[in-house]
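Novice: Before we start, here is the structure in question, set down as structure tokens.
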């Protein structure tokens with residue numbers, strides 16, 4: 001039996017789509033030196049090559065892919081989006097605006113200088129900034145801009161071509177810039193990280209190990225009574241000295257949870273909770289032959305929960321003001337916008353931040369009720385909320401504004417982005433509403449993006465040879481300029497206008513470019529995870545601004561003729 005593969009793929013859109021995805025994902029795993037191609041560029045390259053062979057896909061799949069992707073971007077940004085406009089977030093907002101605004105301005109000027117159309121210009125901007133949201137925003141706006149069908153098809157093809165030609169240029173140049181730019185300025189990044197660590201009491205170790213607390217029991221003997229010298233637990237300050245917390249006392253056979261006024265007595269059995277190294281710091285009066293095994297005393301349910309910050313008495317306060325240890329709880333991690341941040345007593349908590357806390361189940365529940373709620377341990381997605389807000393986003397995208405003879409619509413990209421932000425924000429405030437497991441969100445977002453990339457590549461592949469020969473050299477040079485010049489402008493603005501700490505500034509710059517590989521290089525250079533504070537500050541707002549930049553450059557382009 002003979003099987004014509006070309007006819008088989010052309011006759012089955014679903015089969016063609018998944019063949020493109022599988023081959024593209026395999027290609028994306030390849031590395032050029034230390035740089036991995038990535039899933040997006042892998043799928044795009046394969047789809048362009050197959051598009052040259054006149055394979056095509058149903059455009060409905062393309063539209064659904066970008067809609068799912070941009071909606072999930074909004075959901076991820078929602079919990080921390082509005083907090084960016086307050087306190088230190090103003091600096092991050094300005095940095096993101098400078099980065100995105102300067103890139104859009106430079107791309108527009110270069111597009112006019114080289115005589116490109118809006119498709120090539122917007123595609124070059126998206127590729128140089130390694131930003132799929134720019135590509136999505138521009139493509140959606142073009143489709144709703146009322147262009148003649150032949151001009152629309154050409155613009156969309158050029159959009160894909162510009163993105164494909166400049167993506168690797170943007171990624172590699174930013175990674176190289178992240179490696180060498182810190183060495184070109186007079187402040188050492190490691191010194192800057194240590195400086196802010198001293199000012200804020202940070203842990204500069206970028207590879208800090210996290211242990212679960214352990215429970216051990218000790219019997220109070222003459223040495224321990226003498227060491228306590230009649231002081232109560234508050235006066236002894238055992239936690240301040242060692243990091244261990246007295247959770248229970250057995251006295252005369254009765255178990256009790258002590259308060260700060262309790263005084264240790266001869267024959268007491270006490271249960272201490274703390275990290276392994278904290279037990280090692282205990283006074284020898286505790287440890288020298290005094291450890292006991294008491295099943296009931298040690299029978300505590302130590303749990304680790306993720307607490308979402310929500311309540312007004314926690315939002316806007318410093319981490320140290322929560323006094324978690326006073327409640328017998330231990331902080332393991334602080335996560336903001338899916339980014340792990342340093343354990344910093346002076347970090348100002350935002351609504352939607354996630355604190356990973358360990359301790360006795362009852363105490364952790366009490367702390368969670370004070371500052372927010374415990375994140376749902378469920379793998380079930382609230383599909384009703386997902387679908388309802390998706391519908392709202394599509395309806396918002398139908399809104400059209402009329403100015404004299406000129407009209408433009410909000411478009412699906414902006415509408416779905418706004419609806420996603422609202423769903424993410426409401427999820428951060430209501431524990432049982434709109435829950436989407438992070439793994440499920442990542443899968444839908446990544447799948448939507450890959451479907452979108454496959455669609456644009458297949459549609460643009462037929463004309464890539466002609467386009468490459470006409471603008472290839474110009475496009476690569478322009479991509480390099482748009483990739484690096486806004487970073488330099490952003491650095492000068494942050495360093496000399498905002499006067500930011502350099503470690504925080506470089507992290508914020510990489511967040512404004514939404515580039516995780518470059519962020520890892522900055523952290524390695526600083527030998528600290530402190531730059532993650534800046535990265536988290538700009539990342540959420542930058543994703544939104546980049547989507548709007550793709551929409552805006554298409555809207556203003558006709559007025560620049």
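Each residue, glycine too, has its Cβ placed from N, Cα and C.
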Novice: What range among 352-372, 478-498 does Swiss-Prot record as transmembrane segment?
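Specialist: The listed stretch tagged transmembrane segment in Swiss-Prot is 478-498.
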Novice: Can you identify, from 321-341, 447-467, the stretch that Swiss-Prot calls transmembrane segment?
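Specialist: Based on what Swiss-Prot states, transmembrane segment spans 447-467.
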Novice: Residue counts in helix (H, G, I), strand (E, B) and coil for the domain 'RCK C-terminal 2' (292-373), per DSSP?
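Specialist: Here the numbers are 23 helix, 31 strand, 28 coil.
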Novice: Which of 158-178, 383-403, 406-426, 478-498 shares the most C-beta pairs under 8 angstroms with the transmembrane segment (94-114)?
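Specialist: When the Cβ pairs under 8 Å are tallied, 478-498 comes out ahead.
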Novice: The transmembrane segment (8-28): which same-chain residues, six or more beyond its ends, come within Cβ distance under 8 Å?
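Specialist: Distant Cβ neighbours of the transmembrane segment (8-28) are 36-47, 50, 55-58, 61, 450-451, 453-454, 457-458.
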Novice: Six or more residues beyond either end and a Cβ under 8 Å away: which residues meet both conditions relative to the transmembrane segment (540-560)?
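Specialist: For the transmembrane segment (540-560), the nonlocal Cβ contacts are 70, 73-74, 76-77, 80-81, 84, 92-93, 96-97, 99-101, 103-104, 107-108, 112, 118, 121-122, 125-126, 129, 131, 133-142, 145, 337, 408, 411, 413-414, 417, 421, 511-514.
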Novice: Name the range, of those listed as 37-57, 158-178, 383-403, 406-426, that has the largest tally of Cβ pairs under 8 Å with the transmembrane segment (478-498).
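Specialist: Comparing 37-57, 158-178, 383-403, 406-426 against the transmembrane segment (478-498), the winner is 158-178.
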